[in-house]
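According to TrEMBL:
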type	residues	note
DOMAIN	23-287	domain 'NADH:quinone oxidoreductase/Mrp antiporter transmembrane'
TRANSMEM	60-80	transmembrane segment
TRANSMEM	92-115	transmembrane segment
TRANSMEM	151-170	transmembrane segment
TRANSMEM	177-195	transmembrane segment
TRANSMEM	201-220	transmembrane segment
TRANSMEM	232-254	transmembrane segment
TRANSMEM	274-293	transmembrane segment
DOMAIN	289-341	domain 'NADH dehydrogenase subunit 2 C-terminal'
TRANSMEM	323-346	transmembrane segment
């Protein structure tokens, strides 16, 4: 893609999210969401491949449906209450419709079926943007909807953690595994959003860092499936020794960074007398931990059975910049000791 066009699309992507962040009017928020969607579609379809076009079409239809629901719910709220302010939602009908619409936008279960298929058709760079930046604007709106429907949010959260763990078990494609990982992590955030919004932001931040590391590692190694992970040791030995720690951090295994948000969320759920939900969420985390362990096993304890024809992969030095990967890798592994400081900052 032309660098000028790519820069324009990235700036437009940032503009759409910023408009949604700064808006107090539902029409402005909807406009920001639409700008966001229209900016990423050319980036998704830049590879002229039927699979990329199919993924772009599915994404457009899902986002258009969610945007129409947002517009309909905000219009219904204006008709009932006579105002368009985001933070002045009072009637349960538009609140429920908006929650469902935003859940469809970010891919929460049971409205998740588009996300694995779309992510599978994209390259790792666009998939990373879809899994991180595109979640910001809908989350900003979810945090502002008050009072939200607590039962609906808990059901969406629990269903997402279960579907995200269960759906990733039988996958062999790395992008689909990362999609189900995204669904499970979003479920944890939605589960706690009504009780402690600052904790949701902390979980979202750590998810962004860990997912960025995973996407950048797979992009560096050009690994698309679990079988391809067996060849990564020859390409980047040092990175391959750190990658299992990042994957286990995504699974929430102590003493890695990914354990921090799960630990704090379970603690907060116990404070809210929701011990059953906390137990169920902890059990569903084991499902996700299983397929992260599966990736770890494929990367470190297996060798590729295929003889490489042509130039051996370790003789091809990568020209990609590794600064962002280095920063996110360190943060994904070693942030847990800073938990008290982070929680203090969130309570200020």
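Including glycine, each Cβ sits where the backbone N, Cα and C put it.
TrEMBL does not curate its annotations; it predicts them automatically.
Among residues of the same chain six or more beyond the transmembrane segment (151-170), those with a C-beta under 8 A of the stretch's C-beta atoms are 96, 99-100, 103, 108-110, 112, 116, 176-177, 180-194, 274, 277, 280-281, 284-288, 290-291.
At the 8 Å Cβ cutoff, the transmembrane segment (274-293) and the transmembrane segment (232-254) share at least 3 close pairs (sequence separation 6 or more) and count as touching. Outside the transmembrane segment (201-220) by six or more residues, the chain places 123-125, 127-128, 131-132, 135, 139, 143, 174, 178, 181-182, 185, 188-189, 192, 235-236, 239, 243, 246-247, 249-250, 257-258, 260-261, 264-265, 318, 320, 322, 324-325, 328-329, 331-332, 335, 342-343, 346 with a CB less than 8 A from a CB of the stretch. If you average pLDDT over the domain 'NADH dehydrogenase subunit 2 C-terminal' (289-341) in this model, you get 76.
Residues 181, 185, 210-211, 213-214, 217, 220-221, 223, 261-263, 285, 288-289, 292-293, 295-296, 299-300, 303, 312-314, 316, 318, 325, 329, 332-333, 336 of the same chain lie 6 or more positions beyond the ends of the transmembrane segment (232-254) yet place their CB under 8 Å from a CB of it.
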